[in-house]
Amino acid sequence: MNFIENMAVYSQKLLFSPFLFRPAKPKPSLLSIIDPISPARSFFCSSAQILSPAPPSSYEEPNPGSTKWQPFRKKKVVMRVGYVGSDYRGLQMQRDEHSLSTIEEELENAIYNAGGILESNFGNLNKIAWGRSSRTDKGVHSLATTITLKMEIPEFAWREDPYGIHLADHINSHLPNNIKVFSILPSKSWSCQVYKHIAGICVPFPLFYPVLIVTCIGPIRSFDPRRECSIRKYSYLLPAEIIGIKDMHSTVEVDHHISDFNNILNTFEGDHPFHNYTVRSKYRRKFSMQKSRKDRRSTIKAKPANTASISELEEIDEDQNSSLYNDSAEIDQEGIGENSMVGGLDENIIDTCHDYGNSQKDLSSDMTVRARWLYEPDEKDRVSSSHFRKILRCSSGKPQKLLGLEYVEISVWGESFMLHQIRKMVGTAIAVKRDIFPKDILALSLAKHSRIVLPLAPSEVLILRGNNYQLSKQPGEVTRPEMLAQAESEVILSNVEKFYQSTVLPQIARFLAPSRPPWREWTEKLELSRIPESQLDEVRDGLRTWQEKLASRKGAELVSNQ
């Protein structure tokens, strides 16, 4: 009898085990260890109703209208959060005086007012181990930001509320309508895989069958939403007229425009250096090779709590407030500058690299250097592995209508993104579609030794739609149960869709008219981003020479190996 059959028989015996009827501990648990079986560990999984005692008659679910719940203990939790980013300075907390707050500032206040944060811990996210799956820029929206923290929870959290909807609603009562917590789940410290051929189907936690056999890989580190997020899925809603689609066009003409635009967008798919699509200086290694590990650790620890580490900057998702990292000549070096909003479009739409000493006023001049080739390595402008990103999907769907406005939805999926990367990808694709840039600008801009200034598309129509999570250093595709629940629960997904339809889309509709801000000003300024042909020819010559040398070197190596 093989290993799988042994476990199947063993699971049937468990049905009649007196262990099942032992009174459960007050501490709620959805996984109970039965007996280690080498080489894997097996677990008995049951519904919370079977293993947990009924709450006392005096217990009441948290009332959204009440002030605070009574904290029972601290527990690490996972929250799925959605928000409209138009009225905020981005996601990440920034401890400074400003008229606009951040999403995390609103969340911290709401969780504290609900009873989830003690007064002694309020105001310091490090004390509650606050983490996030990604950071979004000012104006960017989200339906799938994952927040982790050590929350003070009530005694009967998740009792008859397996997805933490009641907990979420209590926090939502302290939040503005443009921010919503969809679910709150306990974070698990074990990684489990369900044997589908035994149980018949993989049921997402915590909707278990009475008996499921799962394989536990073993204890793993605490959930890190940023590092375990393997795919980030963004949508960019673009007015159809921006890429040449008119109301009077036939289906054939529309299909031609979409096909042409997709041919442009598909070029971004794959693993490329996107150094021209971000602020390069923010992704360079800050530490010299001579520094010891101890010195590096001490340097990192000395940084302020709201400052991203180098590793964080390498895996940023359309990072926090772009005023912190705008690479224009007029940047406020202290990071207090403003981002683009509808009125003045103060942000540097045609994002000019200050390394060249340019200003936006000079964009129309042929003397401005917008494209060049590095024939010799420049230590001050080095492109490394941290500038590479893998794009899994970059494509446009067919036109849709929202409140009479026609738009196309661009899907951009990737493992991670750098500051401004998606918006520069979209801006460059639009410029190619409108014949402002030649089509080979894509290949030129993705060459490691090229330095090209590219346009930055508006942020007001960019949405984080979803995430995939996977344990990277475990065999097989392993996902934490709580993340499966957030991704597959019909209850949670229904709430996400309601928020998208009722709150996010009406806000985005304000920015889908091509003749109104931000698109009217943006398309006018886009014309200023034209690159002189002489500069492009220099880059083409440099790329061709580099490719010839590379081919020659590979040929010589092949001959020597023979």
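A Cβ is built for glycine as well, from the same backbone N, Cα and C atoms used for every other residue.
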> Looking at the ranges 267-288, 289-310, 333-354, 465-486, which is given as region 'Disordered' in TrEMBL?
Replying inline: 289-310
>> Rounded to a whole angstrom, what is the C-alpha distance between Asp137 (active site, nucleophile) and Tyr234 (substrate binding site)?
In response: 13
>> Let's check the environment of Asp137 (active site, nucleophile): how many other CB atoms sit within 10 Å of its CB?
In response: 29
